[in-house]
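Heads up: the structure comes next, in structure tokens.
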């Protein structure tokens, strides 16, 4: 008889308790292959895709999320929020859920919208790909075909996208992402027009049932640096940290030693009971560990962020933030050190929000200092002869002078908090549209099917061609689901739209085939591109997966426990058997 370690891999010990008897049994880690593996993976992916895809399009349904034992249920229409809440008991099925969930999460990280589209695309590619893998197609070649086809589609999206040139387009993009709410679309367009493209747009929970827009000039800053450690997060569902009325420590040096933090962190801030935001070149080793421990213990509500930029640009940007917040940059060049910091040298803000991708600072007051700084930057722009330097100065000026728009979200009940999620999607979609332009809405990808098919047949062979055709079939999945969510069959409508101009799509709200640009149904090109890229990436990864190793959550009977213990420790065999029969009687 061969040992389990030879047959099944590494053994694992688990302790079982029976009355006052503790027994250790040996169980193996489960390893599934081929049909079993793919079947369980598919079931998990099917469950997630169905739960998320019902929300797609203007006729999409809502999903109710349980909020635990005490909170009210939450009604949402946001794909990534739904995906994060799904956990299955079966480990293999849950792995399938987690894999498809990545497509939504990555799209949300990059574009802030399009998570449901990414999920539908990824699911369609995986389902079609698995059929071919089961028919002995080479998964690596299929992966290459998927990647090449995806690059072709992305190049087509870039070619057909239109730049956003007016407020009307911004309003339309925001309205579509907010669930066809034109009032919200207009509000976001007004906010961008007032604060500029580099300005800050922030969301707050309102105190009434009405959603309001509050504008201030020169009081906000967004830096593209997020928290150094996820242990600083205060809201694990949204993976963000929000601080009200925090102090802000600004320094251009690395913080490596605990001794550098003691004066400001433990002696000054802890006595005020106010939060602390640290913006430094970096926070390393024991200093970071100290901050995290004190955060978790509730001694100081702190979050650390790396300073933006490099070299002299970093110093000037830190000085800009210092002027905005009324603080000073702790720099050795200015004769300051962390050991000698006083409370009046720290900046202050009304609120800060830190996520993985960036930090939003909303300050109050200091308008005169900010205006003076803006004038100084304008003079530097006039004097500069370098186009690169002028561009960077313009960015700084836009950030300082752009201002802040605060949208106070009103909701009648806790259950209607979905409104805030839709507003977030709308803001992110609008910013994405400004960056990379717009394309027609209503699942534009369907128009690339014919071009992709011609390109693939001319450039690819064998299993690579199969990979490209998998992408081709998946391109119709978003439109198919949008139409099905209206309650009608999709096949006839899809065939009608395929051969028409790029701007023609299906207006699911009215049930008509129309020009999407003319009726204002448009999507950001960045959102469509990100959804396509991430769906293809996840699908390729799943199709090249050969096996999964998971823990089998399987209880072991007392007889089995003793049996394996007898095999591994014969000296205690007799005593344990006597005890077993005694307990059994």
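Heads up, residue numbers simply count up from 1 along the chain you see.
Cβ atoms here come from the backbone N, Cα and C positions, even for glycine.
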Swiss-Prot has 55, 56, 57, 58, 113, 114, 115, 116, 117, 507, 508, 509, 523 down as binding ATP; which of 145, 185, 442, 467 does it also list for that site?
442
Residue 117 (ATP binding site): tally of other CB atoms within 10 A of its CB:
31
For the ATP binding site, please report the maximum Cα-Cα distance among 55, 56, 57, 58, 113, 114, 115, 116, 117, 442, 507, 508, 509, 523 in Å.
20
Per DSSP, to which secondary structure element type does residue 57 (ATP binding site) belong, with helix, strand and coil as the options?
coil
By the count of other Cβ atoms within 10 Å, pick out the sparsest of the binding-site residues 55, 115.
55
Around the Cβ of residue 113 (ATP binding site), other Cβ atoms within 10 Å, all chains included, total 33
Listed in sequence order, residues with CB under 8 A of residue 57 (ATP binding site) and six or more positions away:
481, 482, 483, 485, 486, 508
